[in-house]
Amino acid sequence: MTESITTTTATDRLFTTKQAGGRFLYKIYFTIFLTGIFSLLYYRCTHILHDHLVLWLLITLAEFWFSVTWIFQQGFRWAPTFHSTYPDELPSDLPPIDLLVCTADPDREPPALVANTLLSLMAYDYDVNKLAYYLSDDGGSELTFHAVYQASVFSKYWLPFCRKFNVEPRAPQVYFSSEEDVVNERGRQSFRQEYDAVKAKYEQMQEQIARATRLRKVPDEVRKGHKGFKEWDSKVDPRHHQPIIEVLIRGDGEDRDVEGNPMPTLVYVSREKHQGHPHHYKAGALNALNRVSALMSNAPLVLNVDCDMHSNNSQALLHAVCFFLDPKEGHRIGYVQFPQSFGGITENDLYGNGVKRIYEVEFYGTNAHNGPMYAGTGSVHRRESLNGRKYDPKVQLKVEDKSVRGNKNWEDLAVKAKALASSTFETGKPWGKEVPQNLRSRFNTFSVCSYCKESMLDT
């Protein structure tokens, strides 16, 4: 299908919407197919096989169910729409964004994978003073904290390298697995030298993470590098442990990379677990991250990502912000959902592992009906929507938020945040009644969602 009919245009817009062409031909196809379905059902009802009643009933029910599902699916295919964003038209002062990454088990989600995800997100083309990263480790694993610590150290080399040479993709595991950029930049000796140096640092980080994972223990010399390792001086049970919140990179220009540039904030969060209190799995972890990030940075926009993914578009945040800051429709947007792409899939994808029907067909169809449902990852939300604010056309996104700027007492904030990550925080409070019970249910109640065709995540 081609994009042909423009339904929304304006000279000062940050995004525009186009409806897919070829709708007349599709309506002809729909009419013919629907006629065939009704003809089949009519035939079944008028030709009952009394000698094989059970078999006839099973076939009829199966065909009836197919007919119902096919008719409902046409709602996703009737008027697919596509959004185009214009990040070059964005103002210079952009809104702060908190990025939430969730992991739970270092055995199922290897620490090296978590580190790679964080590094790909930290390299976004965005003002680093307005980015804060929160890693939720529901397993309370020292191995995961060690991987995040190693990623924070390596990021001081990786981020300036990405900005200087504009590398893509910015997930080091993927980037260093290919020599394509090295071949393309062969004539630039400075690039080759820095490439080799950064790659050596990356391999050193990988080796340290792999060694700790293999031995199930962080070496003593590494534990001395950050006070946060003291939390594991006594045994930490994944199902029963104290809240752990550690600031690994202090934002607001306090910590800097090897070239003297400011770094984004990076915080490790492991909420308290108590066997006597339900934790609601990922939904509960996102609730805790929402509260902790609101205290420590309080950005008006929140991106959540699963730990087994990496960013494949360094400008994804700019595309998302285009929707929220659009002068005409921005106030109506509750969240922006990005598609996912999957690696390691066979050429013909016989088993549908690429989930193309959802991301390449149905989600575009829901753009005509206030946008798709929350996909669980790769979504940028308004924080006030997460916290229960009802839609108000007079409310505009606050670009300037002083709470995320200026000098902070990070140690004091970390101590205060532990109370928000307590397993008893929601007990006796309206959280779950007036405040959303869990983010999973609240994510589906926003006013309008937009589906951005720019790819954001690889799995």
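The backbone N, Cα and C atoms fix where each Cβ goes, glycine too.
Annotated UDP-alpha-D-glucose binding site per TrEMBL: Glu109, Asp138, in sequence order. Asp138 (UDP-alpha-D-glucose binding site) carries neither a helix nor a strand DSSP state and counts as coil.
Residues or ranges marked as Mn(2+) binding site in TrEMBL: Lys282, Asp306. Listed in sequence order, the residues of the same chain lying 6 or more apart from Asp306 (Mn(2+) binding site) and placing their CB within less than 8 Å of its CB are Val101, Cys102, Thr117, Gly376, Thr377.
Among the features that TrEMBL reports, coiled coil is placed at 188-215.
What TrEMBL lists as transmembrane segment is 24-42 (among others).
Residues 33-34, 37, 40-41, 44-45, 48 of the same chain lie 6 or more positions beyond the ends of the transmembrane segment (54-72) yet place their CB under 8 Å from a CB of it. Under the heading transmembrane segment, TrEMBL lists 54-72 (among others).
With a threshold of 8 Å between CB atoms, the same-chain residues lying at least 6 positions outside the coiled coil (188-215) that come near it are 106, 110-112, 115, 143, 146-147, 150-151, 153-154, 157-158, 161, 164-165, 172, 176, 181-182, 222. Across the fold, the C-alpha of Lys282 (Mn(2+) binding site) and the C-alpha of Glu109 (UDP-alpha-D-glucose binding site) stand 14 Å from each other.
Within 10 Å of the Cβ of Lys282 (Mn(2+) binding site) there are 20 other Cβ atoms, across all protein chains.
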